[in-house]
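Features reported for this protein in TrEMBL:
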type	residues	note
DOMAIN	13-303	domain 'Homogentisate 1,2-dioxygenase N-terminal'
DOMAIN	305-458	domain 'Homogentisate 1,2-dioxygenase C-terminal'
ACT_SITE	His316	active site, proton acceptor
BINDING	His359, Glu365, His398	Fe cation binding site
BINDING	Tyr374, His398	homogentisate binding site
Amino acid sequence: MPVTTFDFPEKYRYQTGFDSHLESEAVPDSLPIGQNSPQKPPHGLYAEKLSGTSFTAPRHDNRQAWLYRILPSCAHAPFGPAITSIAEKQENGGGGENGVQSSPKLHYIPNQLRWDPFDHDQSKTLDFVSGQRLVAGAGDPTLKQGIGIYVYAAGKDMEDRSAFYSADGDLLIVPQEGTLDIRTEFGYLLVRPMEICVIPRGVKYHVSLPSGSARGYALELYQGHFKLPELGPIGTNGLANERDFQAPVAAFDEDFGATAQEGPHSYTITVKFDNTYFQAHQSHTPFDVVAWHGNYYPVKYDLGRFNTVGTISYDHPDPSIFTVLTAPSGVPGAAIADFVIFPPRWLVAEDTFRPPYFHRNTMSEFMGLITGDYDAKRAGRGGFVPGGASLHNTMSGHGPDAASSEGARNAELRPAKVGTGSCAFMFESCAMVGVTDWGLRTCSKVQERYAEESWGGVPVHWKRPDGVSKGAHLLK
């Protein structure tokens, strides 16, 4: 820290900034000067606006980008059902509960849930899109409300002449194993474990796997967009800083004919629209953006750059101090989605139970582990381990397991660094989160005795003070 040392070296260059107005051109003088849509854009390009918010959204919320491309995005054949993608997903255990069919059935249950590590794609037949499985969610993408929580396991690159986009929401990707080489309309992002990326709604992309198979987590945000949390009394710097987010530089292909219909190759465009997959074909590359400008673009972020804050006196602060990104719900202080991490950090609090306290939360908490051990849960077989997950839904009690709790009660309270070589994360939401059939049954990863093994052995430490008789508190 503060910068992660990655096994897979960086291969691209980037711009920096979060929610900034950036611009990039792969060919000099491709961006119009002083206007967005001239009668004839430079070099014979087409101007295309990509709107992430309504035109009349307040200036501080408005997300838009102007793309200058060789051919406009509308030049494609009509969309039809994505038969291949559906067959792949059903064959590999997704059924109709992983987002292939619209309105997947969600089970809203109060039980604490924990999953063993989800499977890799041993067959090497799934790419990043077909390897996604909807585990849990809430809301409705048609109303632009709620979230979807996914795991993914991919064993092969997406097909060479293919691209994907989601009309349902922004996708936050959290790799756990394997590197993702993501080509977007805006340029390239290399995303490795201990990095995250956000691909906005509507942006086309292609994912290849330069280090082999990959596994990880993702959250799709149906409503609004991610923001950096307010810092309040922390001041001007801390947590995730704007300058540490990296955005692509323009990069494009030239694969087209004399018109949009006369190209030498066929490209397949897949879209997720109300959790249903459709495909269309076109005779020109979708990656033909020569220049762009705006504040609606993909970004990536190295979690090692997160500037952790914490107590230096007493008591365990709320986990909100570990928030990297937040998506407001419309209710002040209540996020439809927070992305929170628990990185290496020093604990120095005096006379304090240092792990996360036992609690019941109006927010729902889905946790995953990228690497290492989580200090409030035991590792090993049947524990909380990398590639697995847990869900503590609205008002479901949870906290450190019995062994971790007893260890914390009896620990010598000297300064200690926890989490070295580890990073856990949490998707937190004000929504009550439902679990899919795939997440509850088909994946066969639910730890059936999670609650019993974690808290069934919590000992009773209560001792009635001398001189206080049983029931004395009931007497007036």
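Just so it is clear, glycine is given a Cβ too, placed from its N, Cα and C backbone atoms.
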Near-site residues: Fe cation, ref His359, Glu365, His398, CB cutoff 8 A to centroid: Pro356, Arg360, Asn361, His392, Ser396, Gly397, Gly399
Glu365 (Fe cation binding site) and the residue listed as 'active site, proton acceptor', Cα-Cα, nearest whole angstrom: 18
Per-residue Cβ crowding (10 Å cut-off), top of recorded positions His316, His359, His398: His398
C-alpha spacing of His398 (Fe cation binding site) relative to Tyr374 (homogentisate binding site), in angstrom: 15
Tyr374 (homogentisate binding site): tally of other CB atoms within 10 A of its CB: 25
Across the domain 'Homogentisate 1,2-dioxygenase N-terminal' (13-303), average pLDDT on the 0 to 100 scale: 93
Sequence-distant neighbours of Glu365 (Fe cation binding site) in its chain (C-beta under 8 A, six or more apart): Ser390, Leu391, His392, His398, Met426, Phe427, Glu428
